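Read through the structure below, which is laid out as structure tokens, and then see the notes.
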Amino acid sequence: MVLLYSQASWDKRSKADALVLPFWMKNSKAQEAAVVDEDYKLVYQNALSNFSGKKGETAFLFGNDHTKEQKIVLLGLGKSEEVSGTTVLEAYAQATTVLRKAKCKTVNILLPTISQLRFSVEEFLTNLAAGVLSLNYNYPTYHKVDTSLPFLEKVTVVGIVSKVGDKIFRKEESLFEGVYLTRDLVNTNADEVTPEKLAAVAKGLAGEFASLDVKILDRKAILKEKMGLLAAVAKGAAVEPRFIVLDYQGNPKSKDRTVLIGKGVTFDSGGLDLKPGKAMITMKEDMAGAATVLGIFSALASLELPINVTGIIPATENAIGSAAYKMGDVYVGMTGLSVEIGSTDAEGRLILADAISYALKYCNPTRIIDFATLTGAMVVSLGESVAGFFANNDVLARDLAEASSETGEALWRMPLVEKYDPALHSDIADMKNIGSNRAGSITAALFLQRFLEDNPVAWAHLDIAGTAYHEKEELPYPKYATGFGVRCLIHYMEKFLSK
């Protein structure tokens with residue numbers, strides 16, 4: 001879906017289906033955040049008795065014969081002194097939902113007086129564009145009759161005429177092509193999004209962008225590389241596993257390389273340690289880490305960032321069956337480290353472990369960042385609005401946190417408590433794949449950290465179990481797959497690595 005973007009002054013704007021008018025909240029009452037004609041004030045003045053201008057508040061009104069737009073949306077931005085990028089992002093996401101429900105296809109968005117805010121026009125426009133694009137999206141459905149909302153087709157920002165506005169919107173569109181790819185993959189039936197499908201998507205990206213190369217390992221090649229942990233998880237599945245390696249060379253003269261790893265469990269039944277039905281019903285989303293990496297590569301190649309990045313996706317189902325891997329058995333990873341299986345439902349860390357080992361052997365990484373819907377414990381800890389992350393490097397952790405703050409994709413650093421590491425002890429192997437029934441997210445991260453062995457590489461593990469998929473709309477995300485992480489990581493790489 002291509003969303004047309006333009007800019008105009010108030011007097012020279014074209015007709016549109018709707019106009020979005022901004023308001024501050026002052027002393028619990030709505031205050032105009034921009035100057036408009038008296039004809040518009042006549043439309044909304046009576047509505048202000050029930051509209052306070054608080055963050056994300058909207059009121060839907062109809063215009064009259066004297067207004068260019070026949071539908072008017074009042075949008076609250078909250079107190080002007082408290083407005084943040086996240087405020088703007090969520091407010092315009094909410095406005096987009098209102099506009100689409102009203103079947104608007106063209107919209108004029110009047111900017112507030114930005115001089116009253118603590119940040120720049122560029123920052124405001126970036127978050128406005130992200131808010132609109134985030135909810136100008138329909139998840140795949142399977143109804144006989146299409147019930148999805150119509151898309152916005154044209155947005156005109158009123159009150160500024162500048163080259164920077166068009167540049168910002170084009171950049172955000174490239175970013176959201178990656179976000180939409182991530183969402184679509186997570187939202188689509190698990191029977192369709194198999195490991196082979198993920199491999200096909202990676203091949204498609206490499207075909208679209210000359211800057212991308214792809215390498216696909218099948219089961220035979222996986223076994224040849226001695227990835228015994230990935231091979232173990234794949235044993236019970238009717239679909240074949242794939243190990244996907246994407247390579248982006250944006251700066252051939254640099255030795256700096258970021259490796260992004262995404263957990264690609266295309267459906268997680270729990271294996272022989274079978275999940276209850278209620279816990280299994282959303283498990284097509286267990287490949288959200290893989291989808292995030294693919295979305296990042298789509299945006300990365302489109303934006304042509306001058307950095308070097310490798311993406312690794314270990315992809316398999318975790319199925320129940322007579323050949324499925326078994327609890328109590330021991331399997332050996334790529335580097336020879338052995339793992340006793342305490343639970344077949346702790347499979348994500350196994351396939352990530354082989355991916356980390358592969359990255360260290362072949363990619364010479366400066367840093368490794370992995371994405372995984374890894375633990376229910378993280379959802380219990382931080383809910384669905386914040387992803388927990390672990391890092392062995394303070395600079396990497398600081399930079400990720402800053403990128404998180406600036407994009408509104410909330411990350412919270414969690415501790416790597418070495419005191420908990422003995423919980424992974426096994427009498428018959430180098431380690432177990434689960435700890436005790438406490439600190440589950442931490443022991444999962446400690447498990448992954450062991451596969452770094454003595455390598456000093458900077459590493460971060462993002463547990464996106466809560467943030468990747470929402471069963472109800474939560475601004476600025478739609479219902480179901482969110483695409484969380486794509487914008488944050490692109491911003492991180494652009495700000496801190498593109499030098």
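Every residue gets a Cβ built from N, Cα and C, even glycine.
Remember, it's a predicted structure, so these values are computed and weren't measured experimentally.
Copied from Swiss-Prot, the annotated features are:
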ACT_SITE  Lys275  active site
ACT_SITE  Arg349  active site
BINDING   Lys263, Asp268, Asp286, Glu347  Mn(2+) 2 binding site
BINDING   Asp268, Asp345, Glu347  Mn(2+) 1 binding site
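In sequence order, Asp268, Gly270, Gly271, Asp273, Leu274, Lys275, Asn318 make up the list of same-chain residues 6 or more apart from Asp345 (Mn(2+) 1 binding site) whose Cβ falls under 8 Å from its Cβ. DSSP assigns Asp286 (Mn(2+) 2 binding site) to a helical segment in the three-state reduction. All chains included, 28 other C-beta atoms sit within 10 angstroms of the C-beta of Asp286 (Mn(2+) 2 binding site). For Lys263 (Mn(2+) 2 binding site), the same-chain residues 6+ apart in sequence whose C-beta sits under 8 angstroms from its C-beta are Asp286, Met287, Ala288, Gly289, Ala290, Pro314, Gly348, Ile351, Leu352, Asp370, Phe371, Ala372, Thr373, Leu374. Counting other Cβ atoms within 10 Å of each Cβ, the lowest count among the active-site residues Lys275, Arg349 belongs to Lys275. Counting only same-chain residues at least 6 apart in sequence, those with a Cβ under 8 Å from the Cβ of Glu347 (Mn(2+) 2 binding site) are Val233, Val265, Asp268, Gly271, Asn318. In the three-state DSSP assignment, the secondary structure recorded for Asp268 (Mn(2+) 2 binding site) is strand.
Every protein chain shown contributes to the tally, and the Cβ of Asp268 (Mn(2+) 2 binding site) ends up with 27 other Cβ atoms within 10 Å.
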